[in-house]
Every structure is written in C-alpha cells, then in structure tokens.
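Straight from Swiss-Prot, the features:
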BINDING   Gly325, Pro326, Thr327, Gly328, Ser329, Gly330, Lys331, Thr332  ATP binding site
Amino acid sequence: MEQRSAETRIVEALLERRRLKDTDLVRARQLQAESGMGLLALLGRLGLVSERDHAETCAEVLGLPLVDARQLGDTPPEMLPEVQGLSLRFLKQFHLCPVGERDGRLDLWIADPYDDYAIDAVRLATGLPLLLQVGLRSEIDDLIERWYGQGRSAMGTIVETADGDASSTDDIEALRDLASEAPVIRLVNLVIQHAVELRASDIHIEPFESRLKVRYRVDGVLVEGESPPAKLTAAVISRIKIMAKLNIAERRLPQDGRIMLRVQGKELDLRVSTVPTAHGESVVMRLLDRETVVFDFYKLGFTEDFLPQFRKVLEQPHGIMLVTGPTGSGKTTTLYTALSQLNTSDVKIITVEDPVEYQIEGINQIQAKPQIGLDFANALRSIVRQDPDIIMIGEMRDLETARIAIQSALTGHLVLSTLHTNNAAGGITRLLDMGVEDYLLTSTINGILAQRLVRKLDLANAERYAASPEEIERFDLRRLQPDGEIFLYRPRATAAAPTGYLGRTTIVEFLVMNDELRRAVMRRAGMGEIEQLARKSGMRTMYEDGLSKALRGETTIEEVLRVTEDA
C-alpha cells in the first residue's frame with residue numbers, strides 16, 4: 001500500500017508540474033494491466049516521462065537528495081563486504097548501486113526510491129540501514145557497469161552484443177536484417193537519447209576507417225561522444241535510414257528524410273540528411289523539440305532597450321524586414337517569434353519554408369518542394385493571389401525570389417525573409433550584387449536585423465573577476481561603462497554545465513532604413529560606408545551588443561569574439 005501511495009503522489013506531482021500529460025497518463029493506465037509493470041516504470045518505458053523529470057520529482061516528493069552519478073570516477077571505493085551479497089543482475093534489474101558506507105549506513109543510489117521490494121531486499125542482504133539518494137536511471141546503470149560490472153558504458157555493453165559484417169553491406173536484405181537487430185536499435189536510440197540529455201541541436205554520425213564517429217552540437221559547439229566500432233557503420237546508418245523512410249539501397253546519392261519519435265517524454269522531430277563519403281554515408285540529424293520551443297523575444301536574448309525599435313519596424317503595414325546571419329544563427333526562430341507576435345485574427349499570414357520547422361496555429365505554412373517545381377519563386381506567385389497581409393519567405397535565394405518579394409512589398413504586403421550575410425549592412429550589398437535595382441531597395445526595405453548566437457554562462461556558478469587595464473583598453477569597455485569598477489566573468493564547470501555554459505542567447509545589430517541610408521544606397525555606397533552611416537544613426541553592432549552582455553555576466557568576451565570575428 002505504501003509503494004502505491006508513493007507512486008500516486010509522484011504521478012500527481014508530475015501532472016501538477018506539467019511534466020506528464022493527462023492523455024498520456026490515461027494511455028499508460030490502459031496498457032498497465034496488459035504489461036504487468038508498475039505505472040511509473042511504464043511511463044518511463046513509453047517515453048512519456050523523461051528520466052530527469054522522474055528523478056527530480058521522486059526526490060522532491062519523497063524528500064531525498066538528487067545526485068549525479070557521472071561525478072563519480074571509474075574506480076569504486078573499497079568494496080564493502082556486505083555488498084558482495086548483491087548480484088550484478090539484481091543491481092541492474094532494480095537500477096540501484098551501493099556507493100559506500102556512511103555513519104554505519106549503506107549509501108544507496110537508486111532510480112526508483114518508491115520500490116519497497118528492492119529496498120527491503122538490499123536491507124536484508126546487507127544487514128545495514130540505508131541512506132537513500134535518487135539518480136537518473138541511465139546514469140546509475142552506467143555506474144553499475146563501471147564499478148561492479150566489467151567497466152563498460154551502456155554503449156559499450158550494446159556494442160559487445162551487436163553483430164556487424166561489413167562484407168554483407170551489398171546484400172540489401174542482410175543489411176535490413178542487421179539494422180533490425182535489437183542491439184543496433186538500442187544503440188541508435190541511445191545516441192538520440194544522449195543528444196536530448198545534452199540539449200544538442202544536431203547529431204553527427206561520421207564513418208571513418210577504424211570507427212564510426214558520433215558528435216553532438218551543444219550550444220553551437222561540437223562535442224565528441226562515445227564511438228561505436230567501424231564494423232557497425234552499415235547497420236547503424238541503415239537503421240537511421242529505415243527510421244527516416246529513406247532508400248537503404250541508395251548509397252551513392254544524398255538523401256533527406258524525417259523521423260518523428262518520443263524520447264524522454266518529448267515529441268521530437270528529427271530532420272535527417274545523408275551524404276556519401278569515402279568510408280560510407282555520413283548522417284546529420286537536426287533535433288527540433290516542438291514542445292519546449294518558446295517564441296518570446298526576451299527569452300531569445302533581445303533586450304528591453306532594443307525591442308521597442310524592432311517592434312516599430314516589424315509592425316509597419318508594408319515593406320520588407322530581413323534577418324541575416326550564417327546557418328545556425330537563430331534566424332528562423334527569430335522569424336517565427338515575429339510571426340507569433342503579428343498573428344492576430346484580423347491578419348492573414350502565409351509562409352513558404354524549406355522545411356516547415358514549427359507549426360503555428362492560425363498561419364498558413366507552405367512546404368517548398370523544388371523537385372516538383374514548387375520553389376520559393378513559384379510559391380510566391382500563387383501566394384499573392386491568396387490575399388495575405390503578411391508573407392514570410394524562408395530565404396531569398398535568388399534574384400527571381402527577391403524581385404517577387406519586392407513586388408509584393410510594393411503592392412501593400414509586409415514581407416519577412418532571411419539572407420546569409422555576416423552583418424546588417426551586408427544585406428543591402430548582397431541584394432545589389434544579386435541584381436536588385438537600388439531604387440527598389442530604397443522603396444521597400446524597412447530594416448535588416450543581423451544576429452549570432454553566443455553561449456550563455458551558467459551565471460550561478462560563473463567566476464566574477466575585475467577586468468584588467470589591458471582588457472578595458474583592448475575592448476574599449478569604458479565606452480560601455482564609463483564609471484565604476486568593471487567586472488567580467490569566466491565559465492566554471494559543473495555537473496549540469498560541464499563547459500560552464502548553459503544554453504545560448506542572441507546578440508544583434510539592427511539597421512533601420514532612413515533617408516541618409518537611402519541616398520547612400522542610390523549612389524552605390526560600399527558596405528563599410530553603409531555601416532558607418534547606420535552607426536551614426538544609432539545602430540549598435542553585434543560586437544557591442546555582445547560586450548554589453550559580457551559585462552552583465554550573460555556570456556564571455558571570448559564567446560563574443562568567437563562568433564563576431566567575421567562580422
């Protein structure tokens with residue numbers, strides 16, 4: 001009865017904290033009778049509750065400490081005599097791990113602290129009172145392997161049981177059989193799960209002669225993960241291609257696909273791209289978390305002193321507003337946030353995207369399909385006959401698309417789009433280089449926003465220090481803070497943020513078109529002159545915006561320099 005009571009309280013807490021949906025709970029209860037599993041175990045198995053949410057809620061409801069098993073080394077403390085009575089199979093089955101003895105009590109780290117059967121069994125086997133602490137299931141399983149097993153990680157255990165035969169890769173049926181083996185399925189699932197735990201935006205799976213390299217892009221920086229051996233290359237790549245509904249027999253041409261799945265309670269949309277390389281197909285999976293994305297300018301890092309000016313340009317009834325920056329700089333998220341602000345019942349919004357990354361209620365979103373002739377330009381021609389107020393084009397890729405967008409702006413539509421340029425002034429010169437007439441640009445461009453993403457400091461643990469005279473002079477910090485002592489921040493590694501950074505924030509510069517800039521465009525002024533005139537009119541560069549954030553402890557000067565050196 002006590003176990004059920006604890007489970008009930010934990011489930012109720014998960015619902016209250018919105019870490020579990022009512023519909024998912026109903027679904028799990030329907031399956032519970034058939035499976036014979038406990039409710040919380042089933043919720044985890046179905047991916048309806050993430051490991052972290054499960055552990056944090058258990059710790060909070062039961063009043064137990066939450067621990068990070070990754071902080072412990074690979075060598076266990078001196079083995080307790082009493083622990084010898086606990087089999088490795090028992091530890092794995094119940095996801096618990098003794099880590100030492102404290103004040104006559106056995107320090108037991110456990111994933112399911114409501115499991116009275118397992119806890120009583122440990123107490124009886126060891127004859128010791130227990131000190132319970134809660135950890136994530138996968139982290140405790142890894143710890144068990146490292147300490148009480150053969151020192152293998154979860155991936156290492158899977159790899160040992162997996163079969164791979166490079167010589168059979170020309171046989172499509174053999175390849176399909178390899179990809180359908182349970183160890184290969186678990187291996188691919190583990191890679192995706194690890195990406196979710198790391199908050200990665202992309203997974204890179206790259207075949208080489210001796211191994212299959214796995215890397216994750218976390219906060220814009222690639223981090224290498226555990227790599228399976230090269231013998232599993234064909235099986236792993238084929239498994240991903242099967243999940244993405246791609247042709248596993250075609251290995252000479254690039255392919256694009258999509259995987260929809262649920263991982264740790266999150267609905268994930270993975271965009272899959274494959275390209276042939278010397279040692280096999282390289283795969284990149286972009287992770288889109290539809291449930292946690294928030295279209296809020298403040299949460300993106302836009303400052304209160306900047307937003308009024310940006311919104312004023314955004315709310316103009318017609319014209320063109322561009323967002324520029326390299327791939328992965330957050331342009332699409334900024335445009336989606338702008339659209340969500342403009343999305344009211346009295347406005348019709350139509351977008352053309354490749355691909356449609358997030359779906360927004362009330363907005364007509366068109367997926368471009370160049371392979372059947374539905375490119376940006378052709379879609380735009382049809383859109384203007386749909387009586388829209390606002391049009392969003394995923395990217396101005398060519399002169400034809402740019403000219404139709406400009407014509408739409410001239411006929412009373414507000415057009416939002418993106419360009420790949422390094423700074424805001426570069427947006428004007430890029431359109432001129434495309435062949436757009438200068439008088440059309442001056443008549444339609446309202447503003448150009450350039451942006452980058454910098455890693456955000458884990459401010460609670462960052463090291464604050466007084467800036468040296470050399471730093472103050474080199475970065476001209478007195479221009480931003482004329483008075484008082486100037487402080488900067490350094491990242492400090494923690495279990496939650498191994499690099500000292502946690503998430504990313506935006507740094508921006510916003511060029512607002514005015515009469516002086518229009519005259520400069522008409523006389524074909526260079527990018528440098530256009531930027532000088534924009535700064536004279538009040539534009540703050542991305543570099544300056546980044547320095548301001550560094551002074552506030554949001555990021556570091558090193559991060560700002562890393563992303564703005566070409567701006």
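Quick reminder: no glycine exception, Cβ is built from N, Cα and C everywhere.
Within the group of binding-site residues (Gly325, Pro326, Gly328, Gly330), the Cβ with the highest number of other Cβ atoms inside 10 Å belongs to Gly325. Taken residue by residue with DSSP, Thr332 (ATP binding site) is part of a helix. Taking the centre of the Cβ atoms of Gly325, Pro326, Thr327, Gly328, Ser329, Gly330, Lys331, Thr332 as the ATP site, the nearby residues of that chain (Cβ within 8 Å, site residues left out) are Thr418, Gln451, Arg452, Leu453. Taking the binding-site residues Thr327, Ser329, Lys331, Thr332 in turn, the residue surrounded by the fewest other Cβ atoms inside 10 Å of its Cβ turns out to be Thr327.
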